[in-house]
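The disulfide bond feature in Swiss-Prot is assigned to C4-C16, C8-C101, C26-C94, C168-C185. Residues or ranges marked as phosphotyrosine in Swiss-Prot (evidence: similarity to another entry): Y107. Swiss-Prot lists K138 with the feature glycation site.
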Amino acid sequence: NNYCKIKCRSGIHTLCKYGTSTKPNCGRSVVKASGLTKAEKLEILKQHNEFRQKVARGLETRGNPGPQPPAKSMNTLVWNDELAQIAQVWASQCKYGHDNCRNTAKYLVGQNIAEQSTTAASFEPVSNMVKMWSDEVKDYQYGSSKNKLNDVGHYTQMVWAKTKEIGCGNIKYIENGWHHHYLVCNYGPAGNIGNEPIYEKK
């Protein structure tokens, strides 16, 4: 397993630790679905690119304060199956949180995660979860050192101009009567790097 050779700041690579199988490892929870449908993949990609374009064009009015300035340039994201597999293996462990090491031979990999739980007899759609990330823009001040990653880090990764690829995984399971939907998206190259701006202002 070549993933065991990939170096990260801490920990063992997710695919070295758990292998390449995306089989759910959720203890006594009842797994209802593991892995995104084609429609869910397309929805995630569409939502990301539409939002990136909105911000890049200077059409995002929200912020602290808004509006967000237009961007000089911003890549259009494409789906990457390797990033998606790493995300799916992690999601399949049913452990909410970031994994330690998910880089590929090509680049450092960033990550957004979301979990929605409901007592209703259905699972939250992926679109609601991605919207939670983009809605963090309301707390973001462009170019300020006061932004806290805990509050806006999902938004900043979503619109990180230099990121080119995305791949996601998910799991839907029932535990103690609650319907949990856990979504993991991996991004390459990673955003939220040091003091770099999320994008260059136009």
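Just so you know, the numbers here start at 1 and follow the chain as drawn.
Backbone N, Cα and C define each Cβ position, glycine as well.
Same-chain residues at least 6 positions away in sequence with a Cβ under 8 Å from that of C26 (disulfide bond) are, in sequence order, S92, Q93, C94, I171, Y173.
Put simply, Y107 is the one of the recorded positions C16, Y107, K138 whose Cα lies nearest to the Cα of C185 (disulfide bond).
Comparing the Cα of C16 (disulfide bond) with the Cα of every entry in C8, C101, K138, C168, these being the recorded positions, the smallest distance points to C101. Rounded to a whole number, the distance between the Cα atoms of Y107 (phosphotyrosine) and C8 (disulfide bond) is 11 Å. In this structure the C-alpha atoms belonging to K138 (glycation site) and Y107 (phosphotyrosine) are separated by 30 Å. Ranking the recorded positions C101, Y107, C168 by the distance of their Cα atoms from the Cα of C4 (disulfide bond) places C101 first. Separation of the C-alpha atoms of C168 (disulfide bond) and C101 (disulfide bond): 15 Å, rounded to the nearest whole number. Every protein chain considered, the tally of other Cβ atoms within 10 Å of the Cβ of C101 (disulfide bond) stands at 19. Mapped onto three states, the DSSP output places C8 (disulfide bond) in coil. Spatially close to the residue listed as 'phosphotyrosine' yet at least six residues away along the chain are G188, P189, A190, judged by Cβ distances under 8 angstroms. Candidate disulfide-bonded residues: C4, C16, C185. Fewest other C-beta atoms within 10 angstroms, C4. Secondary structure from DSSP puts K138 (glycation site) in a helix.
Listed disulfide-bonded residues: C8, C94, C168. The one with the lowest count of other Cβ atoms within 10 Å of its Cβ is C8.
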